């Protein structure tokens, strides 16, 4: 039987639902809304396997902050009411047949990337449910990303329209242009348009740096900030080598075994 693994970026979904609630202390409303959302996702995707990946709730910013100390340094903590309600949310999702993968220091995106890659490389179908465009660097013929809230696929045509690049160039793009929301600086003075110009001419940061054809207007910037660009690319990239501690059989979706109705 063909495999279709659905991976839910849990906090990406939960935080958006929570922020839309009139009373953000009402965790039951979050549970009700997210379970309805999950039921719709199950109906639309028809997974054979499914898991929800949760980020750790601590302020530890992980290995990325060791490389770039300013990485997400102003990240707001999870609202207290939501943090206290996480166990209840996970329990409600469990009753729908969805197990949770809880990170222990690793960022959820690396756990998602590792699991998605492990399955996709065997030519099995993987769908990531998230609005996070960072996952687009993982795109492959059998790996896709669904933005549930905008009802769109974050696929190769989306990447071409949004960035003008191939998915495999996105980490280099962010290494050059940076990601302001995460305090990934990139090369000062190289914004999205310049990064696109460079990566249209050269496939990678290294290729651009090593070429005598790099436009003069960028040469000084590269000479002064090349190492920063490499570090920023590393931080913007996704790890796919995290030890997960379970196998695919453990997250097989069995419809109705833990039925939870709303």
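Residue 1 is the first one shown; counting continues down the chain.
Backbone N, Cα and C atoms are what each Cβ position is placed from, and that goes for glycine too.
Positions annotated as Mg(2+) binding site by Swiss-Prot: 109. Per Swiss-Prot, K(+) binding site is recorded for 176, 177, 187, 190, and the stated evidence type is sequence analysis. According to Swiss-Prot, the domain '5'-3' exonuclease' annotation covers 165-255. Taken from Swiss-Prot, the feature region 'Interaction with DNA' covers 189-194.
Positions of Swiss-Prot features highlighted on the structure.
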residue: 109; record: Mg(2+) binding site; Cβ within 10 Å: 23
residue: 176; record: K(+) binding site; Cβ within 10 Å: 29
residue: 177; record: K(+) binding site; Cβ within 10 Å: 25
residue: 187; record: K(+) binding site; Cβ within 10 Å: 23
residue: 190; record: K(+) binding site; Cβ within 10 Å: 21
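Per DSSP, the region 'Interaction with DNA' (189-194) is made up of 3 helix, 0 strand, 3 coil. Other residues of the same chain near the K(+) site, with their Cβ within 8 Å of the Cβ centroid of 176, 177, 187, 190, are 175, 178, 186, 189, 191, 194, 195, 198, 221, 229. Across the structure, residue 187 (K(+) binding site) and residue 109 (Mg(2+) binding site) are spaced 24 Å apart at their Cα atoms. Between the alpha carbons (Cα) of residue 176 (K(+) binding site) and residue 109 (Mg(2+) binding site) lies a span of roughly 21 Å.
In this structure the alpha carbons, written CA, of residue 190 (K(+) binding site) and residue 109 (Mg(2+) binding site) are 26 Å apart.
The domain '5'-3' exonuclease' (165-255): residue composition by secondary structure is 55 helix, 3 strand, 33 coil, according to DSSP.
A gap of 20 Å separates the Cα atoms of residue 177 (K(+) binding site) and residue 109 (Mg(2+) binding site).
Reduced to three states, the DSSP call for the residue listed as 'Mg(2+) binding site' is helix.
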